[in-house]
Amino acid sequence: MNAPPALLRSVLFAPGNRADLIAKLPRSAPDAVVIDLEDAVPGTAEAKAAARPVAHDAARDLIAAAPHLAVFVRVNALHSPYFEDDLSVLTPELSGVVVPKLEMGAEARQVAQMLQERSLPLPILAGLETGAGVWNAREIMEVPEVAWAYFGAEDYTTDLGGKRTPGGLEVLYARSQVALAARLTGVAALDIVVTALNDPETFRADAEQGRALGYSGKLCIHPAQVALAHEYFGPTEADRARARALLDAAAAAAQRGHGAFSFEGQMVDEPMLAKARTLLSHEA
């Protein structure tokens, strides 16, 4: 298996029927890429069937050409007529499989079992994109094979019969619930797609909100979004330097027998130290 890094700040998608675009995925230096057999491929049996060998071969070539890159395939939803045939595209060399529109923990367990039966012990990136999926987010993420989850705002809003607005108030509750469930289960949460492709300020504002809600990375649908995602997700070198200095100060205080100490004008407590340790753990 091509193991993904501990932190996925950016996950860049490409259509599974476009080998030319898949080959270009590493150019923008995302942390992970997804070869998409679901939304990016027309919803006909003929189109899905034609995309599978393209996606399979493109994934193989991408893994060989960019061994540092985490490569995923997104299959169609479990209860779609395409799901089982999509499994033929998967190989053990992938970093994981993206399963959209999961709605119950039992569905995630069923997917994991089907993968195991095919000798494909791949971790799952679970898509929570419906009212039921958000409602049952925690039980889905408690399935051991689920390592990451993403919130899909567009499908969620459609499922509820709502409407997307520039401010995103209509998805704030669900977006927060997915982030909370991820925190409680130790799963990494990936934030929503920004469909405005030529509007970096809109992307930045959305990424800033996602980071504030607790998301650790962002789904990207254009190469230009990758660098923007990296601005907001994951520690900067300044963040790392400050964390190291804080832990050094804590060690020095402990040597002096001081349980409490201040750092840069702030009293330090254990949650601050834990946050610094977590930040530096992503360097591994």
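Placed from the backbone N, Cα and C atoms, the Cβ positions cover glycine too.
Database features, via Swiss-Prot:
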- ARG74, GLU129: substrate binding site (BINDING)
- GLU129, ASP155: Mg(2+) binding site (BINDING)
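In the three-state DSSP assignment, the secondary structure recorded for ARG74 (substrate binding site) is strand. In this structure, of the binding-site residues GLU129, ASP155, the smallest number of CB atoms within 10 A of the CB marks ASP155. In the three-state DSSP scheme, GLU129 (substrate binding site) falls into the coil class.
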